[in-house]
């Protein structure tokens, strides 16, 4: 310390208040400089306040009306509004020179620090501050005049012999001058604002067609940002580096440098990531840059902090760009590597200290390690970096050794407006080497949690991990030249998304379709305890090693089928994981409850032929209503139960759908199903159409699966008057055997196969095909399924279907325990431990209570099924649908209409999707009070359900015996052309590459399984992904909390990953905001307070929102981001060409054009000048000419 500085320290006054002791001392800058006003906002204002407080100075903040809640106002000792409410625009307030000078004078400020941006390079402001008797913290007004104007700075550099980029000799006032320069020097060129920085007022022009528009936009943006629309033009260098030298000078003429920064990583001329010092810069070039920077500073008698900026071309030649006569955003990295507090030096120099007096001489300035600064902003990289606005719901920052944060409005509850720069915080990391620093920055950015607004963190992480950045070889257009940078890492945001779902549940209740009330189960679920034959408890943390699947994997499908046929005892397939809950609980059982019982099932059911657990309705219901990924369910269960074969239901050429799909979709789907864990494909066709069956059989076979070709059983085979007799079924089996199937399935979906019929049919097939394994499936709607399955086993069937007792009976499968008892002591005795089955069943008894909101109203068996033949799964759904349509009191009429509809359609096989056709027609008849005769007589004029039209057209295949005429012709008349062959033949092959591209653009990287799901259910898949984007993956949320409104102060434990559990407590529900129709919902998350804003769907909303543009409507023109409409270019009714500018939007001090997406006529404008809009709001409607 010098003697002058020591004297100040020794003259400090004493104050007994420890909290004000630091500031109650005299300022370290002397008695003349005790108070500083910062003529700026946000982060840089707080940065100056902090150093000023360390120097025992008092601080003054100023703020606009829009900034009245900004953090910088609270960090100062005093804060004052700029003008009256409405007097200035949000930006204009910080450009109000006279008002700011008046506040500074009135509050007794001695120093005025301009920060960066706004008035920091305005000579008039500096002059007025000095004239008012205060000291401007920065260069003199004359120096600002000479260097702040880039055209004057160029002239100075040329005078000093410092190389500059070829450009206009002075400011360009008129477009004609710009045009003349381009003609002389060629393209590309860059148009730059003469004043200011930060990339604003800059436009690169590569085409003569865009020169005029770019010129006008640069001038307009410069005027809006800096109060001066002057611009100049330079040649644009290709792929240069941007190197800047930090300068510090005093009034005595001392000038030093604080080494360099590499600011090459930019987007639209705005710096994104800065590095100090520059990596691998040639020492000779580095020294030349230092020398030239100091040369210019001395030439103009520079004082205070400043930055000399240079471009370095690919041949190592450097060109002077400008000197920024102010502190820079990125000054932090220089402070980190040099240990110099630049703001402190600024204040000292402004107070009259020389650099040597504060210990700053060139020989004492050295660098230590590397520093990197990243700007965390609320910009959305997926939307052209449009700034996002809204309330920050969660804010958690990084920390640790070598991590520095400079921020302001980054806190939970902060409202990000469209009025100012989008930066939340500057994260600066410092370490011994460039690579250590880079890794530290990555770690720090990953630690950040910002929810409620989008941020650029995913983009910056992608940038930091790019090879070019790792090598330190970036150039100024690197971001624009590297499209792979926009393949972003998606933040999962799991906790906040979970709270959003629970908040919606608290306000609006469950949104799961078909739910009636809340679960009856209120207690904790009790898990089974399995004991082995010796009474010891089985360790279920490891799956059983017993089971049929090992034989299948080791020897293949043919050997597996042979082993099944040679097995002397009976085998079962358990349907609890699919058809049972489809029949009883509307297919609503969730993955988590299957996962919980899976380890126990692996042991207790190790002897099972298979578990039916996938395909059919479970696939689309899991996405559509449970918001789960069916592929994830398959993979998770496969991992837990590797020993028992998994079986799925495949609707032949329909895949999982109700109508035919392109052939390549079926093959692709089966391939993915086999890869992810399916072993046995139970392939059927709803009409027993062998053409449709053959495709599914071939697809399953090519995928490497066990082909269980299945014929659908319907009617009463014992009645000679019925259409489907014994000969029909045996002939059908013959055709399937010829296709090379492994196993025969018989699917009695309505449960109408009587025990005698089972004996007769199985015996006939067994006699003709003694080596063919037979598997029989039924439903217990009539109450005779146990007897039928026992009869089937007795007659020679190898496998029958059962469901655990608590999930059996009625429209489900027969009881496991009852079938087990029925064949006990016979040759077909089943090999299971009764005690273990009871333990498994006790779990499912609890599940029945947990899913009680989805129970059907069917309370007993219905022998009338032998008449109406409604399939078990449909019987439940049809009654629910009838009630939904207001036909609940006409259930008997609906069943009667089902019989009539079936006859009208030609007495068809009834299984999804043909059963839906019969059901739709039946409800149509009841709703419209139509008899069968009415349907026949009025067929040409009735508006039939779409499924009925699909059936008669032939989209579901060809029914046995053909279509009923003339009904078919009359139904289709003037509507559709009938098909006479397999529908899939007429469908074009799916373009998987195009689908992958589409899904990747919409939802990020997409897998083969995503494509397979999309090709089956495109709309359902998109809705599912949109739900997950909004609420996250909810599969691990316990079902009790998934279906029920959260209880106040009840703890919810949700394991979102291995070893990572969220503890959530619902603590309060806020009042309704009548203006927005929303409520605040408050939670504790792992002990921290969190809240979410939820729309109350029952509330009336007072406000009227702007219409939103429909992304699927090519005529809708949307606002690309939030901001204010500053200019309307065309009138309604005008003709426009593609790319013509319709309006200009101003946001975050940037101007963005809204252009026509195609040529046409402007039908209407939805905005006027001055309107505030959000991104995606409708601005205009175009019509094609």
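Note that Cβ sites are derived from N, Cα and C of the backbone, with glycine treated the same way.
Listed by Swiss-Prot as binding divalent metal cation are 579, 777, 779; the candidate from 546, 735, 747 that the record includes in that site is 747. Together with 578, 579, 580, 581, 582, 912, Swiss-Prot lists one candidate of 494, 651, 838, 982 for binding substrate, that being 651. From the candidate list 99, 184, 216, 234, the residue Swiss-Prot records in the ATP site shared with 150, 269 is 234.
With respect to Cβ neighbours within 10 Å, the binding-site residues 269, 581, 651 differ, and 269 shows the lowest count.
Among 150, 234, 269, the residues given in the record as binding ATP, the maximal Cα to Cα distance rounds to 16 Å. Apart from 150, 234, 269, the residues listed for ATP, the same chain places the Cβ atoms of 190, 191, 192, 193, 202, 232, 321, 322 within 8 Å of the centroid of those Cβ atoms. Nearest in space to residue 579 (substrate binding site), taking C-alpha to C-alpha distance over the recorded positions 150, 269, 747, is 747. Between the farthest pair of Cα atoms in the substrate binding residues (578, 579, 580, 581, 582, 651, 912), the distance is 19 Å. Once Cβ contacts within 10 Å are tallied over all protein chains shown, the binding-site residues 582, 912 are led by 582. Cβ neighbours of residue 150 (ATP binding site) (same chain, under 8 Å, six or more residues apart in sequence): 192, 193, 194, 195, 232, 321, 322. Summed and averaged per residue, pLDDT over the domain 'ATP-grasp' (154-351) gives 91. Of all Cβ atoms in the shown protein chains, 21 besides its own fall within 10 Å of the Cβ of residue 234 (ATP binding site).
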